[in-house]
Structure formats: C-alpha cells, structure tokens
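Working notes, beginning with the structure itself.
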C-alpha cells in the first residue's frame, strides 16, 4: 500500500539529489535492528528502490539473538541480501557500540563497492542527541542526514523528517513485525534515560516542547546546502563557500582546507563539534556520530 509517507520519503531522495539512475545502480547498505524505525526504512527502500538492497544487522550481545533471526527471515522473504555482525564479547557502552557499527558499515561499504549506508534515525533520535549534547556541555549541532564518505559514497539518514510516533503508525498500517529490544528500556544507557525519563518530564511541563524543538531541529537539518553533492559544492563561488563554512563554525584553517583542497571530503562529527577531512583514496579513518 502506497501512503503519503512514501511521497515524503521520496522527496528526501530528490532533495538529496539521489534520484538519478546511477544512484540506484549500486547496492545500498541498510542498518536494520528489527525495531519499528529500521523496519520503516526497510519497507520504504523496498517499495521505492526495488533492488540492490543489503540488510545489515548488528548483534551487540545485549539481549538474545532472536531479533537477528527475525530480521534474517524478513530479508529472505523480501529476497534481499543479508549481512550479520556479532561482537566477540558483549559491548558495555553506547559509544563502543556506535563505533563498532560504523566501523563495520564503512568497511563493508568499501568492500562491496556500495553506494550508500542508510540508517533509520528519526526526528525523535535527533531530539535525544540534541539534549544529550546540551547536557554534556557539547555544542548541540544536531544530525546531518547526508555525509559524503568519498566522491560517490554517502551516509544517508532519510527518516529524520519523521517522529517515532509516525513510524509506529506506519508499522501498524503495513503490519510490520517489529521487535522490541529489551536494551531500549535499560536505564543504564543515557539515551534511555533521556527517552523514558527526561523527555516525558519536559513534555509534562510543556506539552508543545517536543513539537517546537523538533521543528527547530528539522529546519536546521533541511538546509539545502547540507545535502548538496561534492561537485555542486565545489562549483559554488569561493566567496559563497567561505560564507557557508563560516556559518557552520569552521576555523580558518579548516575553511582553507575545505575550499582549496578538493581531494578531501567533508565529514561532520556532530557529537564533538569538529570537522574531519578524509582522503578519498583511503578506506576509513574517521568517526561518525549518531
């Protein structure tokens, strides 16, 4: 069943200039956990892209492996390729789990010559990240939904225009077999404390808190200059590149490196408010944050 949310999802691809034929001629890596957000991503991509999809699932040993089995059978049902990663030892922190996922995703991206990594981060995740950065006294820059890893390979987060409530509605409408991971309710993780304790408290103080702040974050994320491909960025006048980079908060040396050294691609690490420049000829040596 085709819904208006499919149109919004497809508009994200058009905004990011990902609707060209060459974008769909390579495989797409989909990070699928089995939760409602990731299954929405899988359903959208399966309906709109139709082929060249690779489902990637990570098992951090936080709970039983039944979620991996469910994602595996769902991939088989949709006739999609499947990749499975399981840690040798249990991972104890969110930061280690994040680094483990992205390290393997980026390595798999280069090994398979895939076009992009797609993750199922929503506006609700962006709000939690914003609060986490604010509480941790880091500059709250939010999440970039498109990051170029090399000249043609990207990290794409197409669900940032949706909230968790909207993805829940989508799973109900399409009868998607979502998996509720027990680790999402463990208060030992800071993100779960924000999700289940702080945000409900703030919404109780101000019922419009979630809507207002999410709208402000979305307005910043949807800046069209953020999603321009590298060749479009390099074609902009130098004075305009300088003005945009200054608004992003880059230092003078970073601006000079961005404008005058075209062999580097820009990767933004939103958790530490720094910019790293990655040599396209190498594989990967940089951090990416949720």
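Quick reminder: no glycine exception, Cβ is built from N, Cα and C everywhere.
Values in this document were obtained by computation on a predicted structure and should not be read as measured data.
These features come from Swiss-Prot:
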BINDING   33, 34, 35, 36, 37, 38  ATP binding site
Task: Cβ neighbour count within 10 Å of residue 34 (ATP binding site) - done: 21
Open item on the list: Taking only same-chain residues 6+ apart in sequence, whose CB is under 8 Å from that of residue 36 (ATP binding site), what do you get?
Closed with: 164, 167, 168, 170, 171, 176, 178
Open item on the list: Quick check: which same-chain residues outside 33, 34, 35, 36, 37, 38 lie with their CB within 8 A of the centre of the ATP site CB atoms?
Closed with: 32, 39, 40, 120, 178, 179, 181
Open item on the list: Helix, strand or coil by DSSP: which one applies to residue 33 (ATP binding site)?
Closed with: coil
TODO: Would you count the other C-beta atoms found within 10 angstroms of the C-beta of residue 37 (ATP binding site) for me?
DONE: 25
